[in-house]
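> The following block contains the structure, expressed as C-alpha cells.
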C-alpha cells in the first residue's frame with residue numbers, strides 16, 4: 001500500500017512539473033516573460049521576436065530594482081520602452097537597467113530583444129534594494145543612461161580596462177535624489193567606497209553553459225564576496241577605471257560592490273565578463289589562439305632547453321649558445337616590436353635569427369677570449385631575470401609602489417644583478433642551477449603554446465611591460481588551477497632532476513673547460529715542432545685545398561688517348 005501511494009505522489013509531482021514548464025513556454029509564445037525577484041531565468045531570444053518582461057507584486061520596502069541579462073558573446077538589448085532610445089536602453093553581452101520605483105508602484109515592465117541573426121541563449125535576474133542601499137551608477141555623467149549600473153570593458157593584447165559610473169546614496173520612493181556634487185562631507189555620495197572583484201572561469205573551457213553558470217556567483221553582494229578575489233578598494237576621489245593584464249582565452253568576470261560605510265549597506269553593479277579574444281574573428285579567435293609559428297618556435301626552443309637542463313654544464317659551448325640566444329632574442333624582439341609594425345610571424349622569425357647570431361657571438365667570444373667571468377655574468381643575469389620575474393609574479397607585483405615604472409625597473413634590475421653577485425664565489429653551482437631552472441622553464445613555455453598555463457605569464461608580464469607604457473597600471477593577477485599545479489610540479493621535477501644529475505656527474509671533474517684558443521695555439525705549435533707527430537707531415541691547409549680543387553678539375557677533363565702523338569717526319 002505504501003509503495004502505491006509513493007507511485008501516485010510521483011505521478012502527481014511529474015504532472016505539476018510538466019504543467020509549470022508548459023506555462024513558461026506559453027508565456028514565451030505570447031511574447032511575455034514573468035520574472036521573480038532574486039531568481040535566475042535562462043531563456044532564448046530571437047531577432048524577429050522581441051520579448052516583454054514583467055514583474056508583479058513588488059514589495060513596498062523596495063525602492064529600486066536592478067535587472068541584468070547576460071550572454072556569452074552575442075549582444076542583447078534591454079530597454080525601458082518598445083522604442084529603443086540611447087538614454088533608455090543598453091546593448092551588450094552584460095547589460096542592465098535600474099528601475100527607480102514610484103510610490104505605490106507594484107508592477108514593472110521592460111523589453112528584451114537581439115539583433116543577432118542566430119538565437120541567443122540568455123541568463124537574467126532581477127534584484128531588489130531598499131532606500132538605505134546605495135544606487136550603482138546613480139551619479140553617471142559619462143555614459144548614456146541617466147542611472148547606469150553597467151561596467152564597461154575594453155581590451156587589447158596587453159591590458160583589459162573596466163569603467164563604471166559613480167554611485168549615489170539611496171533614497172525613499174517619491175523623494176528627490178541626493179545631489180551628486182553638493183559637497184564632499186559625510187552626508188554626500190563622497191563617503192561611498194568601491195570594491196573591485198575579479199573571478200576566473202575554469203581554464204581552457206569556452207563553453208556557454210560554463211560562463212552562464214559562473215556568472216550566477218557574481219550577481220549578489222554575498223556571492224561576490226564569497227567567490228571572487230578583491231583586487232582593490234577605490235574611494236570617491238579615485239578614478240572609476242581599473243586595468244588588468246589581458247589573458248587571451250581565459251574567461252574572467254569582473255564586478256564592483258559599492259559600500260556605504262555610514263549605513264553599512266552595499267549594492268552590486270552588473271557583472272561583466274571577457275575572454276580577451278573574439279568568438280567571431282577568423283584569425284586570433286578564441287578557438288584558435290595558438291599560432292603555428294609560436295608552436296614551432298617554442299617546441300624547438302624547449303628541445304634545446306631540455307638538453308641544457310640535463311647536460312648543459314658538460315656541453316659548455318652549447319649552453320653558451322642557449323644563453324646568448326635568450327639575451328639577444330629578448331632585446332631584439334622588444335626593439336623590433338616597438339619600432340616596426342611588421343606582423344607577429346615575421347617578428348618571430350627575425351627574433352630566431354637574431355637569437356642565433358647572439359648565441360654564436362657568445363660562443364665565439366668564449367673561444368677567442370676565454371674570459372670566464374663575462375660568460376658567467378651572462379649566465380647569472382639570465383637566472384636573475386627569471387627569479388626577479390617570479391618575484392613580481394607574486395602579489396608583491398601588484399603593490400601600488402610598483403605601478404611606477406622607475407621603481408619597478410630599478411628593483412627588477414637589482415634583483416637580477418644580485419644573483420650573479422651572490423654566486424660569484426661558486427661559479428659551477430651557479431651554472432648548473434641556471435641550466436636546470438632555465439632549461440626546464442623552456443619546457444613550460446612550450447606547453448603553454450599548446451595548452452594554456454598561467455606560468456607563462458611569469459616572463460610574459462615583464463615583456464608586456466617593456467613593450468607597452470600603459471601596462472604599468474595593470475593588475476597582473478592570473479588564475480592558478482589544476483593545470484597550473486601539474487605544470488608547476490613538472491617544472492620543479494625537471495629542474496631538481498637536472499641539477500642533481502649534473503652535480504653528481506661533474507663531481508671530481510674540472511670546474512670549467514680550458515680556454516679553447518690557447519689549446520688550439522698550443523696544439524698548432526706542438527705539431528710544428530714535433531717532427532715525430534704524424535700531423536707534422538700534413539701539408540698546410542692552403543696546399544690541401546689547392547690539391548683538392550685540382551682533383552675536381554681532373555674529373556671534368558677529357559681522357560687523352562694513349563700512344564705516339566708526335567707527327568711523323570717525311
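Any Cβ shown, glycine's included, is placed from N, Cα and C.
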> For the annotation transmembrane segment in TrEMBL, which listed range does it cover: 252-268, 269-285, 320-336, 456-472?
320-336
> What range among 227-247, 374-394, 521-541 does TrEMBL describe as transmembrane segment?
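Matching range for transmembrane segment: 374-394.
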> Which range, 296-313, 548-565, does TrEMBL list as transmembrane segment?
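Going through 296-313, 548-565 one by one, TrEMBL gives transmembrane segment for 296-313.
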> Which bits of the chain, at least 6 residues beyond where the transmembrane segment (296-313) starts or stops, bring a Cβ under 8 A of a Cβ in it?
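Here the qualifying positions are 319, 322, 348, 352, 428, 431-432, 434-436, 438-443, 445-446, 448-449, 494-495, 497-498, 501-502, 506.
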> Could you give the residue numbers and ranges of same-chain residues that sit at least 6 residues beyond the transmembrane segment (374-394) on either side and whose C-beta is under 8 angstroms from one of its C-beta atoms?
319-320, 323-324, 326-327, 362, 365-366, 402, 408, 412-413, 415-421, 423-424, 427, 430-431, 433-434, 437-438, 441, 457-459, 461-462, 476
> Mind checking which residues reach the transmembrane segment (320-336)? Cβ under 8 Å, same chain, six or more beyond either end.
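For the transmembrane segment (320-336), the sequence-distant neighbours (Cβ-Cβ under 8 Å, at least 6 residues beyond its ends) are 304-305, 308, 312, 342, 347, 350-352, 354-363, 366, 375, 378-379, 381-382, 434, 438-439, 463, 466-467.
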> What same-chain residues lie close to the transmembrane segment (485-503): Cβ under 8 Å, and 6 or more beyond its ends?
306, 309-314, 429, 432-433, 435-437, 439-441, 443-444, 447, 453, 455
> With Cβ-Cβ distances below 8 Å as the criterion, list the same-chain residues six or more beyond the ends of the transmembrane segment (430-451) that contact it, or say none.
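Residues 204, 290, 294-295, 298-299, 301-302, 304-310, 312-313, 319, 322-323, 326, 376, 379-380, 382-383, 386, 419-420, 423-424, 458-459, 483, 487, 490-491, 494-499, 502-503, 506, 512.
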